[in-house]
C-alpha cells in the first residue's frame, strides 16, 4: 500500500531517526518541561470541566433564544441545542499553564448576534458556580463578535456563529464543521468565526505525526514568544501562522523527530523565497458556497502585497500573516538566522536546548530610541474597549513610521503594559495621560502588579472613515500632540485658605474653638487606566534629526475620529523615550536597565560654576555612525527623537 503524501510537494527526506536524534528529542522534551510549557493534569481536567459547563450553558441559551423567537413552537424549544467548539492552541494540543481557551458557540439559524450578547451573559452568570465568572466583557463592536471572561480562573475568548442552513443542530457527538456547505449564507465575520475551528482541524489532518508536530510546535511557540515575535495584531505571525509553518516542515520530513523538525524549521524558513506562499494543500477555488474571497494574488492587488503569505488550508483560504510589515519581517528574518545557528550547534552536541529560548533584548539593548503610545481612560470598562482598539491600530502607525526617510526599522513590542494610576487633581491626570508620568502609579492588592497584556486574537473594530473630530482630549495642544508639563520639586502648594499659618516658635497663642477648622474627608482619588505600547526605532546611517509630527498627528486623528472615542473619558498620547528613561516595570528581575553615558571630564569642567557659558554645540552620538542631534520640542505638534549625550 502506497504511503500518503502530505503537502503539495513530495517530502525532502523519509529517513528514520538516528539514535543521536532520538537523544536530542528526549532532551528537547525535558527542556520544554523545565521551561514550564506543559500544564498539570489537574489543570487540564479543570479545562474539560469548564467546557462541559459551557455546553450546558449554551444549550439553555439557545432554548431561551428559541422561546424568544417562537414562543408557541414547543417542539423547536424542546429540541433547541447549541454546540461549543474550541480552536487555537487548546484544540491543537499545545496549550500551557495560564493559556487562554479560544472557544466558539455554534447555534441554529434563528439565533441572532443580538441575542448572543443579550441572553448569553445572563445565562452564563446564572448557571455558573457562584463567583466562578469574573472579568465578563462583551465586545459587540468587534469585527468578530466576542465575549471575554474568566471561568474558574481560566481565561475564555468566546465567539459566536449561527448556521444559516440549519434550523436545528445535529445532536451527534462527532458532528464537525468540516462541510463547506455550512458556510452558505454567512457574512465574512461569521465565516472567520467558523474557520477558527475548521483551520485547526485541517492542520492536524495534514501532518504525518500529530505528536511530533505538537512537540515541535511547543518549541517554536516558546521561541517566538521569548523573542517577542508572536502576535498577529502587532504585525507578527500569530499562533495559527506559526503552527502552519511547523506543519509544512513536518510534511517535508514525515519520519523525523521533533528535534529535527525544529532544526529544519529554522533552516528552511530562513531560506524561504518570500513572497512565495506557504501552503499545506492546494488552494480550493470555484466553490460557490460563500462570497468571501479566496486568497488569490493573481486577481487581488492587496494579496499581491503580502510580504510573508502563510495560507490557511480550509476553504475559503486566507492569508494568516497579512499584517506582517517591512520591519516585523526584517526582525523575524534576524531571529530565524540566529535560531538556525543555535540549533545547528545543538544538533552536533555543542549547545543545550535552553540556548534557543533566551529572552529578547528589546528593552535592554535593542534600541536607543522608542516611541510610546499611551491609551488611557477614566474607567476600566472604557479602557478595555479603547485600549483594544488602539492596540489594533498600532501597526498602522508602524507602517507610517516605516515610510519616513530617516527610519530604517520601526519595531513594535508584541505586548502592551497595563497600568493603574491614582490622581488627586486634573493636573496630575494630565501628567499621566499626556506625558506618561508614572508618579501616581498604583498597584491594587487584588489585581497584582502591572504587567504585559496577553495577545488579542481578534481585531476589535474596522476603520469607518468618520471625519476627523476638531475637539482635542485633555492635556493636548491645538494639533493633538501632548504637552509635557515641567514641575519644580521646590514648589510647594499653598495652604488651604481655612487653615491659619502656624505661629513662630515660642509664641504664646490662645487657641479658640472657632479657629479650629472642621475636619473634612480627604479628597477622593481619580483612577486612570493606561496601556502603553512601545515601538523601537532604528535610524538610517547619518540621520541628523527626526520629526514625526505628521505621521503621529495623522494617526492620532484617525484613532480619535472613531465613534468609539469619547472625549474627556478617553485619551491618546505619544511620547518619545530614550532607552535610559524606560520605566522599571518593562524590565524583569536580573535584567540590566540602560544607563546614561558618563559625562566626559571636559564637559564636566565646562559645566562647573563660574565657567563661561557658551551656546551648546550640536552633539553627535558617539560611535561609528552619527545619530540624531538633540532636538528640543519647539512646537507642541512635533514629535522628535532625542539623542543620548
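Glycine is no exception: its Cβ is also placed from the backbone N, Cα and C atoms.
Features of the protein shown, as given by TrEMBL:
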DOMAIN    7-207  domain 'Poly(A) polymerase nucleotidyltransferase'
BINDING   100, 101, 102, 157, 221, 230, 239, 240  ATP binding site
BINDING   100, 102, 157  Mg(2+) 2 binding site
BINDING   100, 102  Mg(2+) 1 binding site
DOMAIN    212-359  domain 'Poly(A) polymerase central'
DOMAIN    361-595  domain 'Poly(A) polymerase RNA-binding'
REGION    458-510  region 'Disordered'
COMPBIAS  476-490  compositional bias 'Basic and acidic residues'
REGION    584-645  region 'Disordered'
COMPBIAS  631-645  compositional bias 'Low complexity'
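Features as recorded by TrEMBL, highlighted on the structure.
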{"residue": "101", "record": "ATP binding site", "Cβ contacts under 8 Å, 6 or more apart": "47, 50, 51, 86, 90, 95, 154, 155, 156, 157"}
{"residue": "221", "record": "ATP binding site", "Cβ contacts under 8 Å, 6 or more apart": "37, 89, 94, 230, 239, 242"}
{"residue": "240", "record": "ATP binding site", "Cβ contacts under 8 Å, 6 or more apart": "88, 199, 200, 203, 312, 320"}
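All protein chains included, residue 239 (ATP binding site) registers 27 other Cβ atoms within 10 Å of its own Cβ. Per DSSP, the secondary structure of the domain 'Poly(A) polymerase central' (212-359) breaks down as 76 helix, 4 strand, 68 coil.
The Cβ of residue 230 (ATP binding site) has 22 neighbouring Cβ atoms from other residues within 10 Å, across all protein chains displayed. With a 10 A radius on its CB, residue 102 (ATP binding site) counts 26 other CB atoms from all the protein chains. Summed and averaged per residue, pLDDT over the domain 'Poly(A) polymerase central' (212-359) gives 96.
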